[in-house]
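As C-alpha cells, the structure follows; a few thoughts come after it.
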Amino acid sequence: MVVVGAGFSGLAAALALKRAGAGVRVLEARDRVGGRVLTRWLPDGTQLDLGAQWIGPTQDRVRALVTRYGLATFPSAAHGTPTVLWDGRRYAEPPAPTGAVLALLDAYAQGVDPAAPWAAARAEAWDRRTVADWLARAAPDPVTARYLGRQLAGGLLAAAPAEISMLQLLFYLRSGGGSAMLLAMAGGAQQDRLVGGPGVLADALAAALGPDTVRCGAPVHAIVQDRTGVTVRTDDEVVTAGAVVVAVAPALAGRIRYDPPLPALRDGLNQRMPMGSAVKVHAVYPEPFWRADGRSGVATCADGPVTETVDNGTPGSARGVLTAFSYGAEATALRRLSPPARREALLDALVAIVGPAAGRPDEVVEYDWSADPWTRGCFCGALTVGAWRAYGPELRRPVGRVHWAGTETATRWAGYLDGAIEAGERAAAEVLDTTDQLSLK
Ligand SMILES: Cc1cc2nc3c(=O)[nH]c(=O)nc-3n(C[C@H](O)[C@H](O)[C@H](O)COP(=O)(O)OP(=O)(O)OC[C@H]3O[C@@H](n4cnc5c(N)ncnc54)[C@H](O)[C@@H]3O)c2cc1C
C-alpha cells in the first residue's frame, strides 16, 4: 500500500495498515514528518509551537498515542484574569448575550450528524446561509455579532464569518463536542501541550513504522490506477501498490494529477474546500510581565487585527511568550503589509491588550503556513457556502483504489490532530476491507 503524506493522518493510516500485515510505503513531500506541526526552540529551552500545539479532553485517539509512546504533556499557562476587548471596553469575560447565542448554536449543532451534515433536516437552509448573515440577525447587537463571528469562523476555522456556511460551523461544533469544549483552555481543546511539541509524537509514529517505510522529500505528482493496481509517481520514483491512501487536505489532493481523472463530483469537492487563513505569531519577552499585573495573557478581541492571544510560556523557562492569532480578512490584511509594518500592527494590538511593555519584545517568531507549498493555509480546509450539500458526500467516498484521509475527512475532532488520526485509521480500515488490495500490497 502507498500512503501520500506523513502528517498525523498518513502516519496513523500507515501504522494501521502495517499492524494488519500490509506492506506500506509513505511518500512525504517535505524533508520531515508531522505536516502541520512544527516546533522551534530558543537557546534557553523556550518551546515555540509554530503549528498545532494543543490537545484536550475527549481527544481520545491522540491521548492514547501520547500514552502509548510515553510522552509528557503540560497544562497551558493559566495565571490571572483573561481580557475581553469589546467596543473600546475591557472585560474579564464576554458580555452575557454571547452565551445565549452560543447555546442556540450548540442546540442547532445537535441536529447535525457529523458523518452526514448534508442530511440534516435544515441542511439546505444552513448550507446557503453564512455565519455573518445568521449572526447579524441572531445576535442582539453588532458588537456581539462581530465578536462571535471572529471567535467562531475565525478562532475555529481561521476564516471570515462571511466565508463560512452555518452548516460548516454546526458540523464543526458537533464534531468537536460543542462551543465550550472547542473554545475553552482548561477543560477544552486548548488544555494541554506536549513537552517537545506535537512533532515528537509524529517522530514516534514514524519510528514505530520502522526504517525505510517513510520516504521524505518525495512529493507525489501523479496517481494512475487501473484494474490491477495503482502507480504513484514522485520526482524520481514510481511505486506500485494495491491501493493508495491520500492523507492530505483536499486543497492539496486537487494538485495531484489522477489518471483516469477524478470524477467531476470529487474534483468539485477538492475545488470547494479551501484552507483557512491564520497568522500565528509568538512575541517573546524577558519575562511574562502581564502576570505581575494579574493578567492571564489570554485575550479575545471584538476588533483589530488580532482576534485572540494566549500566554504560551514553557514551564522551566523564565521567558514570557504571548502568542497572537489573526484570522480571515484580518490575516489577509496583515499578510499584505511589509514585515516591519506587520510587526508594528501586531505589537500595537498586544500593547492594547497587556500594556506598553508588549511593544518591546526580544523577538517575534512566525511561520506562514499559507506560504508553505505543502500546507497552503491553516488550520484546516472548510467547505464553501452551499458545498456541503452538493459535494459533502464525496469527502470520504473512495475513487476506485484511491482512499481519502486527512483531518478534513474526520467525523470527530475534524480539523484537529485527533481527527487526523481518526481519518487515517478509517481510511486504512477501508483499504483492509478490500481484500484484493491487501493481497497486492
Ligand atoms: C498554526 C496551526 C495551529 C493549529 N493548532 C492546532 C491545535 O492546537 N490542536 C490541534 O489538534 N490541531 C491544530 N491544528 C490543526 C492540525 O495541525 C491539523 O489538523 C493536523 O496536523 C492535520 O494532519 P493531517 O495529517 O490531516 O494533514 P497534514 O498535517 O497537512 O499532513 C499532510 C502531509 O502531506 C504532505 N503532502 C502534501 N501534499 C503532498 C504530496 N503531493 N505528496 C507527498 N506529500 C504531500 C504534507 O507535507 C504533510 O506532511 C493547527 C494547525 C496549524 C497550521
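Sequential numbering from 1, following the chain as shown.
Quick reminder: no glycine exception, Cβ is built from N, Cα and C everywhere.
The FAD binding site annotation in TrEMBL covers Ser9, Glu28, Ala29, Val220, Glu408. According to DSSP, Ser9 (FAD binding site) sits within a helical segment. There are 33 other Cβ atoms within 10 Å of the Cβ belonging to Ser9 (FAD binding site).
Annotation source TrEMBL lists substrate binding site at Phe325. For Phe325 (substrate binding site), the number of other Cβ atoms no farther than 10 Å from its own Cβ, over all displayed protein chains, is 20.
As a whole-number mean, the pLDDT of the domain 'Amine oxidase' (8-432) in this prediction is 97. The domain 'Amine oxidase' annotation in TrEMBL covers 8-432.
Cα separation, Val220 (FAD binding site) to Phe325 (substrate binding site), rounded: 32 Å. Of all residue pairs in the FAD-binding list (Ser9, Glu28, Ala29, Val220, Glu408), the one with the greatest Cα separation is 19 Å apart. Long-range Cβ neighbours of Glu408 (FAD binding site) (same chain, at least 6 residues apart, Cβ-Cβ under 8 Å): Ala249, Pro250, Met273, Cys380, Gly381, Leu395, Ala414, Gly415, Ala423.
Neighbour density at the Cβ, taken as the number of other Cβ atoms within 10 Å, is lowest among the binding-site residues Ala29, Val220 for Ala29. Around the Cβ of Glu28 (FAD binding site), the number of neighbouring Cβ atoms within 10 Å comes to 28.
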